[in-house]
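Here TrEMBL flags E:R87, E:G125, E:T126, E:R127 as phosphate binding site. Annotation comment: TrEMBL describes E:11-141, E:159-222 as domain 'Exoribonuclease phosphorolytic'.
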There are 6 protein chains.
Amino acid sequence: MQRPSGRQPDELRETTITRHYTRHAEGSVLISCGGTRVLCNASVEDRVPPFLRGSGEGWVTAEYGMLPRSTGSRMAREAARGKQGGRTLEIQRLIGRSLRAVVDRSALGERTITVDCDVIQADGGTRTASITGAYVALRDACGWLLKHGRIKSDPIHGQVAAVSVGIYDTHPVLDLDYDEDSAAETDMNVVMNDGRAFIEVQGTAEGHAFRRDELDVLLDLADGGIQRLMSLQREALGG
Amino acid sequence: MQRPSGRQPDELRETTITRHYTRHAEGSVLISCGGTRVLCNASVEDRVPPFLRGSGEGWVTAEYGMLPRSTGSRMAREAARGKQGGRTLEIQRLIGRSLRAVVDRSALGERTITVDCDVIQADGGTRTASITGAYVALRDACGWLLKHGRIKSDPIHGQVAAVSVGIYDTHPVLDLDYDEDSAAETDMNVVMNDGRAFIEVQGTAEGHAFRRDELDVLLDLADGGIQRLMSLQREALGG
Amino acid sequence: MQRPSGRQPDELRETTITRHYTRHAEGSVLISCGGTRVLCNASVEDRVPPFLRGSGEGWVTAEYGMLPRSTGSRMAREAARGKQGGRTLEIQRLIGRSLRAVVDRSALGERTITVDCDVIQADGGTRTASITGAYVALRDACGWLLKHGRIKSDPIHGQVAAVSVGIYDTHPVLDLDYDEDSAAETDMNVVMNDGRAFIEVQGTAEGHAFRRDELDVLLDLADGGIQRLMSLQREALGG
Amino acid sequence: MQRPSGRQPDELRETTITRHYTRHAEGSVLISCGGTRVLCNASVEDRVPPFLRGSGEGWVTAEYGMLPRSTGSRMAREAARGKQGGRTLEIQRLIGRSLRAVVDRSALGERTITVDCDVIQADGGTRTASITGAYVALRDACGWLLKHGRIKSDPIHGQVAAVSVGIYDTHPVLDLDYDEDSAAETDMNVVMNDGRAFIEVQGTAEGHAFRRDELDVLLDLADGGIQRLMSLQREALGG
Amino acid sequence: MQRPSGRQPDELRETTITRHYTRHAEGSVLISCGGTRVLCNASVEDRVPPFLRGSGEGWVTAEYGMLPRSTGSRMAREAARGKQGGRTLEIQRLIGRSLRAVVDRSALGERTITVDCDVIQADGGTRTASITGAYVALRDACGWLLKHGRIKSDPIHGQVAAVSVGIYDTHPVLDLDYDEDSAAETDMNVVMNDGRAFIEVQGTAEGHAFRRDELDVLLDLADGGIQRLMSLQREALGG
Amino acid sequence: MQRPSGRQPDELRETTITRHYTRHAEGSVLISCGGTRVLCNASVEDRVPPFLRGSGEGWVTAEYGMLPRSTGSRMAREAARGKQGGRTLEIQRLIGRSLRAVVDRSALGERTITVDCDVIQADGGTRTASITGAYVALRDACGWLLKHGRIKSDPIHGQVAAVSVGIYDTHPVLDLDYDEDSAAETDMNVVMNDGRAFIEVQGTAEGHAFRRDELDVLLDLADGGIQRLMSLQREALGG
């Protein structure tokens, strides 16, 4: 089997994480995974959703969007169509859950951190890149809160990153790009923490269903890839 | 560990599948899984979405809704709010993908089967009950097409059912009801076919992330539960 | 003249009223009028619309919906279309007004009872069946409030039921089913209280306009039918 | 009993009908009933709704709106709120049905006449004034079609007008203005044709339900009022 | 060059301003500029937008709409389409800014004046006619506030009026009607105050771009026209 | 007078134009004007709006959006709010008109070029930066059409660029940044072509109205600034 990109089955795409990418956000990260580029801006606001008012707890959430021409053919702008599609809502709910899994919301106090993940250019794996980048932006926003004395202790108690795996041309491979993704028979997005435990596992059989032994290999590949992504996150964060 | 319902960890709730529940739909199934009751109506229409026009292929899709007082406290009606929420869109996309995984859309011809899954009463596991019930409704709709000479060969090439599993009070359990679900640390929805292969695996860690060995037990539990649900489906279908 | 169903001109369809149909609602009634089946769930909430805040008065309102395949051919789901149609709004306003006509809103206190009328299967007369069923659900919700000591006196001061009448094949008939309704030249929905007075009269000439003498016969038919429906309501309520 | 306006119980408000009120519409009528002023513009378009395409039949429909400050306190603009309310939809459906009751849609051919009824100033009875005015505008639009040779025979086979009646301070009265309407215990809108038959009867008991004998008096009042309105329509139309 | 209307290049259309046109609004003005007729209703409300609450300042805003058949062919009703178009939003923002330029919002206190500009009949220049008419309605609403003792000093510190100018058939002309506007190569809307200073200048080259010398002539024409419109405003206001 | 940035009154911010910024669009340009960064992606599609079908003419249009945290405090995402605001619609209509002023739509044939202008970071002047950048992206998209033989002759017959001018602290200045813009008394956006003629002039007096002599100076400043921006466009385009 030959991957379109010539990569090994367990090889990540070249991934870079750039902090302080824009000027206004409390955390601003551009993550590039091969041809996929996502801008992750974390914003701190001193308000919480109604169900948390008076609780002393904060909230962490995410929004996701694709620029209309981030893709091969132009997609209609969701703002112009008047609603966010099902895929968008599904992805931003996933990103939000993944981030909340490593945050102590009591330590955050009654404020909200919203991480906007906007896809500048898409080449497969935009949702997992969003999670990996959003973690770094969230880290910076919490650093900002600590530095400005708004909170006393760090609300982040773990590290989170994500990657896709799938079966391409009958072989399990790591970190699918668009060419592989659109041809893949099975696609799985895996979100893990730095304790090597799973936060989310979302596997979908596009073509044929996957056997248990295939699932096992895919999870191994994801585990390895996420270890390396976490190293890159730590490097970017300067430690 | 004691489950609130007194069930064994690997014990399904009492599940019944009633066909021909309403009069107009080509397939109409009421599925009850404990206190969860979902009406699954399959409708045949002689048209396909734009992207399939002229292709000779058909389409299978699903819509999902909860009656406003199917739940403990009344939820706002989505039709009155003017849009379907993210959870609704996510669930109906999942049901549609699960059904399409066992359908040969060429054999269906250029027509659409829409399965409406409406929750009459909710007690956890509405999305997996929807899939298990929708399969039977889809079966009946295809039987109707065959009987009326609209299609020559059966477009369904597999059987599909779904169940939830999760970690409740540190123990893996099968088929969570609402009391367990709202307290669960980890929740996973599993969709499988009759070849014991996975069509969808969606695991979410609400509280703590789950280890690989926990994941393995959960998948075993799901596998066993789905075998039994498939027996119930076959019984309901008369063989 | 022969009615399609073989009924006498002044004969109601077989009508059954089942209380406690679902588990969560404070009042939950399934009403069947021939092939028409409507689930009426009454929900109590401790809030009122803005225009009543601080007034000491409560509110009674209704929402109406049809399951997409409650009808002969599938209707688009209103939640998916993003708005409720004119017919839906018109019907739910009618149900709400009819119920409020027998309620002392001061005795209710600052709370809202919403009755959701969801059509499971349609065969004509869904709006009048909704009113007749909703009254029983409302009764049960008020019983619940009394039993739990939330209110001191019964806010319901009258009984309400409704039926359709129309001119089919030149003859006035009671309680039209779908076959009659779609062929009827004139259609009238009548809502009355137990004092034999009118709460709503809505007559529409689809084909030819109706003369005053025809109107008189139709109102007589409605009066008789509603007397019998009120007996069925009282029976269901155990008195 | 003394009516706020000093009118007799069976006395209409001063009513004037002005044709050719604006320049562009094929029929343009301003109707004033006391303080109520409605502009009724009939527009001819060479297209029909999808369900009539290829049928050879035409369509007649209506839209209704109130200028934001046609009323005592400013109402939010429906275009700004992003949807038409239930009352608006209910009224425009009523106007449309009333007009279609006197039109032979085959003689109209495959074209649509839309009558826009926009309330410039409201003082009760806007929906019945709309119907009475819309009939004249429709007449003019059909005259335009005949004069320009677009149709051969007149599609209008009857005359239609409408008025409100109600019980004010225990007495039945004709043509309620806003002061009476907001205090009325019962309100009924009646639409009749020139054969003295009923096209629509919509009675609503706001306060107490109305007895059969009250209903009879109200219908008599309406009948008399509508006769006079039809005279005014004929006068305005120059015959 | 001959203008379609036979007017001189610097000649306004016949313009009339009628106050107290409807009964409910605190200021109600019908302005006619040739065939263009706009009803401008100013409403006073004792509330301000959220960003001004507690500031002691008031707000002045405008809404704009066209009746569906104010134009040569019927336009879809914005309330029915479910949103206001870009042109509508642009125009109502312009009217609001123009009015606020002559208002001392502190003197107004925490209340809002909304001027609804509804086009009854359109023949070009509806946005400038709206501004010229809205000023008079705003004047009357402020007079009402003074007369009823709600405010102590007049919040209006200047006069505002507007006109369109453009290049028609290569010649600069004042106050374009629809025939000229649809053929014009360049169109400019100019809003000025009584100090002969500019509040808004909005020039758009439909056909060819306009040279600086053309711009200078257009601004001179606008200046002259606005002087005369301000005389008409003062006359209407009885001074 | 000292500008916050220390610039001379007639000094542009540092402006860079980067072509081929993303991979998929037929023209992709990042324009930076000081702290303002806008991504302009031009997409070619083989279809035209309904009003142009069969006309042989093409269409050029624009859409505009701001990333939620492109600004100092986070703005709600328009896709999540369900509609584009008035400011957004106004800006994208302006960009579209400006581009169409230099395009021969017959030479384009029946295809549409949509330029998406998405603001990555905002520091004043985003609409004028969008126009200046969009022109270069449009140029590249037309180059792509020529190179691929889709069109025979270049549809672009002129060059277009835009800049803002305003009165800051009583002095006319060129190219306002956010600090100046929010304090400016008068703000004007000017769009010109390479014949030094005006395509759009939009001046708004926020604080005091501007006199004719001030207007003259502002237009001179804009003219000079646009000459320099056009040099930068030509440089970027390699000539």
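Each position is counted from 1, following the chain as shown.
Glycine is treated like the rest: Cβ placed from N, Cα and C.
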Chain D neighbours, restricted to the binding-site residues E:R87, E:G125, E:T126, E:R127, by C-beta under 8 angstroms: none
Secondary structure content, the domain 'Exoribonuclease phosphorolytic' (E:159-222) (per DSSP, counts of residues): 17 helix, 30 strand, 17 coil
Position of peak Cβ density within 10 Å, selected from the binding-site residues E:R87, E:R127: E:R127
Spatial neighbours, same chain, of E:G125 (phosphate binding site) - Cβ under 8 Å, 6+ residues apart: E:C33, E:T36, E:V163, E:S164, E:D175, E:L176, E:D177, E:D181
Other same-chain residues whose Cβ falls within 8 Å of the Cβ centroid of E:R87, E:G125, E:T126, E:R127, the recorded phosphate site, in sequence order: E:Y64, E:I91, E:V119, E:A122, E:G124, E:T128, E:A129, E:S130, E:N189
Annotated phosphate contacts E:R87, E:G125, E:T126, E:R127, maximal Cα-Cα distance (Å, integer): 13
Local Cβ density at E:T126 (phosphate binding site) - other Cβ atoms counted within 10 Å: 24
Model confidence over the domain 'Exoribonuclease phosphorolytic' (E:11-141), averaged pLDDT: 97
Intermolecular Cβ proximity, binding-site residues E:R87, E:G125, E:T126, E:R127 versus chain A, under 8 Å: none
Within the domain 'Exoribonuclease phosphorolytic' (E:11-141), residues counted as helix, strand or coil by DSSP: 42 helix, 41 strand, 48 coil
